[in-house]
Every structure is written in C-alpha cells, then in structure tokens.
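Here the structure comes first, spelled out in structure tokens, and everything after it is commentary.
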Amino acid sequence: MAERKIRVAVVFGGRSTEHGISCLSAGSVLAHLDRRRFEVVPVGITRAGSWVLGPDDEEQLRLKDRVEPEIVDGEALTLPADPSSRQLVSLESDTVGQALSGVDVVLPMLHGAFGEDGTIQGLLEMAGIPYAGPGVLASAAAMDKEFAKKLLAAEGLEVGTYEVLRRDETTLDEARRSRLGLPVFVKPARAGSSVGITKVTDHAELDAAIAEARRVDPKVIVESALSGREIECGVLEFPDGEVTASAPAELRVDSDSGWYDYDSKYLDDDTEFDVPAKLSDEETERLRAAAVGAFRALDCQGLARVDFFLTEEGRPVVNEVNTMPGFTPISLYPRMWAHAGVDYSSLLSILLDTAVARGTGLR
Ligand SMILES: Nc1ncnc2c1ncn2[C@@H]1O[C@H](COP(=O)(O)OP(=O)(O)O)[C@@H](O)[C@H]1O
Ligand SMILES: [Mg+2]
C-alpha cells in the first residue's frame with residue numbers, strides 16, 4: 001500500500017509589511033513542492049490577520065505590473081491551539097467548527113512580524129504541530145536586530161557598531177552620533193525587506209530617518225555603515241541533524257541609492273548576483289564557518305540565511321540572520337542550494353522532513 005502523504009499547511013501573507021513578498025515566496029513554494037509525497041493545504045493570512053483557505057496557484061501569487069499579490073479573502077478557518085486537534089477548522093457560519101484538514105507539518109512561509117518572529121512558532125508549539133525553520137527563541141532573537149547582535153557578539157562573531165533608540169527617544173545626542181560616525185543606516189529594529197530603512201549621510205537628515213523607521217517599529221536601531229562586499233550564506237539542517245552551509249553568494253547593487261533597498265530587492269533589475277561568490281577557498285571556508293557559528297549562536301533550527309559584509313581584510317562581519325529567507329524565484333537562498341546540488345523541490349522536502357523528524361516541545 002502506498003504510504004499516506006504528509007499533509008503540509010503552507011502559511012503565507014500575514015500581518016507584516018512583507019505580506020506581498022510572503023505571497024510571492026509561497027507562489028514558488030506551491031509550484032515546487034513534491035506533490036507525490038506531500039498533500040498541500042494553502043493557508044493565507046490577510047493583512048488584518050484573518051486565516052483563510054488560500055489559492056493553490058502560482059499564477060495568482062505573482063507580481064503583476066510591479067504590484068504584489070495580496071490575500072484579501074477566502075473560506076475562513078482557524079488553527080486551534082489544542083494539541084489534541086491538529087486540524088484546520090472552518091469558521092464559516094454554515095460549517096463553523098467542522099474540521100477542514102488535518103495538518104502534519106506547517107511551512108510558515110511568512111516574513112517579518114507575526115511570522116518570522118517567534119509568534120506563529122509559539123502557536124504551533126502549543127498546537128503540537130511541527131514546523132519548518134527555527135523555534136520561538138531563535139526566530140524572535142534573529143528578528144530583533146538589537147538582540148541578534150548581542151547574542152552573536154557573545155559567541156565571538158563580529159558585528160557592526162550600533163545604537164538602539166527606545167520608543168521615547170527621538171534623536172541621538174552628540175556623543176552617540178560621533179561614536180557611530182557617518183554614514184549610518186537607520187532601521188526599524190524588527191522588520192525586513194529593507195522596509196523603513198534610510199541611509200543617512202548628513203546629521204540634518206537623522207531625525208527624519210528615525211521617524212521613518214519608527215512608522216514600522218517603535219524600536220529603532222542606528223548602525224555605522226559597514227564597508228566591504230555584501231555576501232550571504234545559506235545554512236540548512238538535514239533530518240539527521242547535520243547542519244551545513246552553502247557556498248556563499250555575493251550581491252552587487254547598482255541601484256540609485258547605492259544599497260540593497262526594497263526596489264532593488266524585488267522590483268528593479270539593478271542587482272547582480274554571483275552564485276557562488278568569487279572568493280578564495282580560505283575566505284569561503286571562513287564565511288561558511290561563521291554562518292554555521294551564527295546559526296548556532298542564535299540556536300537556529302531548520303534553516304537560516306546569514307548575511308555578511310566581508311571587510312577588505314577578509315573578516316566576515318554579520319549584518320543579520322534571516323530565519324525565513326525569501327523563496328521567490330530570484331531569491332538567493334534557493335539559488336545557493338541549487339548551486340550546491342540541492343534543487344528547489346528537494347530543498348523544500350529537506351525542510352519538511354527535518355521539521356517532522358524534530359517534532360515540537362523542548363529539543
Ligand atoms: N550597517 C550597514 N552598512 C552598510 N550597508 C548596510 C548596513 N545595514 C544595511 N545595509 C544595506 O541595507 C540592506 C538592508 O539592510 P538589512 O539590515 O539587511 O535589513 P533587512 O532586514 O530589511 O533586510 C543591506 O542588504 C545592505 O545593502
Ligand atoms: Mg537584509
């Protein structure tokens with residue numbers, strides 16, 4: 001008898017500023033999941049946070065005239081936190097409470113707040129449903145650019161110089177400004193996709209940049225500009241627990257802004273990618289070791305993409321760790337693994353098999 005297929009809920013959309021990117025990532029995931037092994041339930045989360053049965057159709061989850069896809073409505077459902085259920089349940093008035101589908105594992109293809117930050121991971125822990133990617137602590141720590149840097153530095157990884165502004169601080173005093181120098185990057189502490197980030201080259205622009213970042217997050221981080229090559233490295237955990245880094249990739253930005261902003265990430269064609277990056281063997285190994293080191297420093301599981309600046313002296317400085325990196329067709333994470341011989345479909349199977357092997361609870 002054929003083995004029962006593994007039921008995967010692919011969850012996408014969500015409440016964060018990266019709703020559309022999540023839908024784009026999910027579109028390619030749905031197109032590439034191995035349907036011979038996995039039975040797929042697409043679950044969309046609207047910008048308001050409602051869960052609905054989503055489209056299982058890459059065509060509906062594509063960029064159209066530079067406009068991102070969005071989950072607006074659909075059959076209403078919920079995932080009870082009760083671990084005796086492990087079912088998606090209808091919230092439609094005529095079928096309320098009826099089970100829609102059992103769920104063996106979740107692929108939270110969500111970026112940013114309420115997705116990549118430990119919150120949905122907490123819900124899934126409570127529901128007793130395994131999920132791909134890091135757990136609650138690692139997701140929350142990696143999402144928070146302040147605490148990620150603190151944990152990475154504590155494990156001996158090099159990070160840049162920064163200052164944190166809490167919700168009541170609107171500017172940096174002279175001492176903190178001169179500690180950072182110029183230029184600086186002003187960022188929401190817990191966001192992604194370059195949303196809310198400004199590069200500031202003149203202190204006259206600093207307060208406006210802080211206000212801009214604060215529209216996304218009350219906590220703002222101001223970082224000294226790092227120089228060097230921008231290099232990313234994929235980390236993947238296999239079902240037997242082995243953790244491996246891909247060959248690093250380099251991105252070379254040629255945008256008007258001069259840095260990897262939102263438009264150059266998703267809309268414009270002005271960034272060049274070298275997969276793999278042109279590096280010496282020694283540099284490659286140093287970056288791969290640092291990527292696995294960062295993965296372990298934050299207690300990650302499943303996958304992460306570790307982003308670096310490689311200084312002129314060849315030292316990897318960690319810029320950030322992404323616990324659910326982009327999975328769009330042009331995203332670097334799947335491309336780095338494809339280069340390493342793990343094609344997109346196999347990559348998804350590994351993520352899900354690792355999640356099922358690990359289970360939930362303390363581990
Ligand atoms: N300290 C920095 N020095 C130089 N460039 C930076 C720095 N911080 C960010 N950048 C540029 O901005 C981009 C987005 O910043 P990042 O911290 O990765 O935010 P996000 O989480 O939104 O991706 C980076 O890919 C890089 O091009
Ligand atoms: Mg980034």
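Glycine is treated like the rest: Cβ placed from N, Cα and C.
Applying an 8 A CB threshold to same-chain residues 6+ apart, the list for GLU18 (active site) reads LEU110, HIS111, GLY112, GLY115, ALA191, GLY192, SER193, VAL195. TrEMBL lists GLU18 (among others) with the feature active site.
The ATP binding site feature in TrEMBL is assigned to LYS145, 185-187, 193-194, 223-230, 319-320. Following the DSSP three-state reduction, the secondary structure of ASN319 (ATP binding site) is strand. For ASN319 (ATP binding site), other Cβ atoms within 10 Å of its Cβ number 21.
Here TrEMBL flags 149-353 as domain 'ATP-grasp'.
The feature active site is assigned by TrEMBL to SER193 (among others). Around the Cβ of SER193 (ATP binding site), 20 further Cβ atoms fall within 10 Å across all displayed protein chains. According to DSSP, SER193 (ATP binding site) is assigned to coil rather than to any helix or strand.
Sequence-distant contacts of GLU320 (Mg(2+) 1 binding site), defined by Cβ-Cβ distance under 8 angstroms and a gap of at least six in the same chain, are ALA142, LYS145, ALA148, VAL306, ASP307. Look at TrEMBL and you will find ASP307, GLU320 tagged as Mg(2+) 1 binding site.
Summarising the annotation, TrEMBL assigns Mg(2+) 2 binding site to GLU320, ASN322.
Under the heading active site, TrEMBL lists SER331 (among others). Listed in sequence order, SER25, PRO325 are the same-chain residues at least 6 apart in sequence whose CB falls under 8 Å from the CB of SER331 (active site).
DSSP assigns VAL186 (ATP binding site) to a strand in the three-state reduction.
Scoring each of the binding-site residues (LYS145, ARG229) by how many neighbouring Cβ atoms lie within 10 Å, the top position goes to LYS145. The number of other CB atoms found within 10 A of the CB of GLU223 (ATP binding site), across every protein chain shown, is 20. A C-beta separation below 8 Å, combined with a sequence spacing of at least six in one chain, links SER227 (ATP binding site) to PHE309, THR311, GLU312.
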